[in-house]
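Features of the protein shown, as given by TrEMBL:
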type	residues	note
TRANSMEM	44-66	transmembrane segment
TRANSMEM	78-97	transmembrane segment
TRANSMEM	103-129	transmembrane segment
TRANSMEM	141-162	transmembrane segment
TRANSMEM	168-189	transmembrane segment
TRANSMEM	210-231	transmembrane segment
TRANSMEM	243-262	transmembrane segment
TRANSMEM	274-299	transmembrane segment
TRANSMEM	305-324	transmembrane segment
TRANSMEM	336-358	transmembrane segment
TRANSMEM	364-386	transmembrane segment
């Protein structure tokens, strides 16, 4: 019961469910005109909590469970990480409250988040520094991404204090690619081939370092584009070059998904969830490149949020559902399977992704589609969260520690 993933996953789920319900309420307010007060721009509030809110808490649960095994060191206990994780969870709930009351309240929440994330980062770096393992490449990449995340939270707080929402969005987008996506692809590179080779006959654990470099390089490129387009250029020539990179990278990632055993994985639900989630990253990048090309010909941004939600809701949301489900099953003494409930929720999530992309592409009832996508997302996350929250508070089914 002292395993850190239990606490981390529970707090992450609290923030996840709260943010999902909040965003559905905001969409309803926009459609029905409830007149909710806003002290922080809702788009910035939404982007920040969906990027830096629950995901780093899920990261902490995974990194302090799998990370020590990678590094051959002792894991921390739940009691040791409680202050850092509690500060992040409380900070994000305060952020949501401050978004409707006063920016000072929101910034106060970010201060707690910044301290909590920095504490997690320091603890993980210490594990890395004391590790006797010779295979620390993935852990080093994750540690670097954590530092980027800390810097972005600090930058977000300064942006809100200075009433610079555009700068705040830039820090959130940098965190998305330089922190969140970087951690996701690093873990995917290490774990998806491993899981597949264990479950699928004749599949090999194929994960050369150049593939990791490709994945991290793509994330770094997207993070850099945020600042290039904010301060340097967003010309048609630049957009054309960016489109070439994104379409090329997305196509390579689609090939990588098949190389890692996408087709073979479809027979095993939990494994299929991981592979299908990863496919969304390639789809999102290709869609982003197409968006850039269309924008050049239209002389203005075209569908700027469709590709982004393919990456965030499609890839990150699906992989979150799959990976947390897998860890929860394995560390609760249960079989590593996606039962009918989880499998159904996964496909309903895919419907939410398509609804959100359609809302970005539609010229007609956009707000109705946004509300529907938000409600479906909220329903999936609450149903999934309540299911596994009940597991995290119970002893393992097999009677073992963990």
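Yeah, the Cβs are placed from backbone N, Cα and C, and that goes for glycine too.
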What residues in the same chain, six or more past the boundaries of the transmembrane segment (210-231), come closer than 8 Å to it by Cβ-Cβ distance?
137-138, 141, 148, 166-167, 170, 173-174, 176-178, 181-182, 185-186, 188-189, 238, 242, 245, 249, 252-253, 256, 285
So what's near the transmembrane segment (274-299) in sequence-distant terms, Cβ-Cβ under 8 Å and 6+ beyond its ends?
181, 185, 188, 191-192, 195-196, 218, 236, 239-240, 242-247, 249-254, 256-257, 260-262, 265-266, 306-308, 310-311, 314-319, 321-323, 326, 350, 353
Per the Cβ under 8 Å criterion, with at least 6 residues separating them from its ends, the transmembrane segment (336-358) contacts 269-270, 273, 276, 280, 306, 309-310, 313-314, 317-318, 321-322, 325-326, 329-330, 369-370, 372-373, 376-377, 379-380, 383-384, 387
Any residues 6+ beyond the ends of the transmembrane segment (168-189) with a Cβ under 8 Å from its own?
43-44, 47-48, 51-52, 55-56, 59, 62, 138, 141-142, 144-146, 148-149, 152-153, 155-156, 159-160, 207, 211-212, 215-216, 218-220, 222-223, 226-227, 230, 274, 278, 281, 311-312, 315-316, 319, 323
Hey, would you say the transmembrane segment (103-129) packs against the transmembrane segment (243-262), going by three or more CB pairs under 8 A that are 6+ residues apart?
no
For the transmembrane segment (305-324), the distant same-chain contacts (Cβ-Cβ under 8 Å, at least six residues beyond its ends) come to 9, 50-51, 55, 58, 61-62, 176, 180-181, 184, 187-188, 191, 270, 273-274, 276-281, 283-285, 287-288, 290-291, 338, 342, 345-346, 349-350, 352-353, 356-357, 360-361, 377, 384, 388
If you count CB pairs under 8 A between the transmembrane segment (141-162) and each of 44-66, 78-97, 243-262, the winner is 44-66
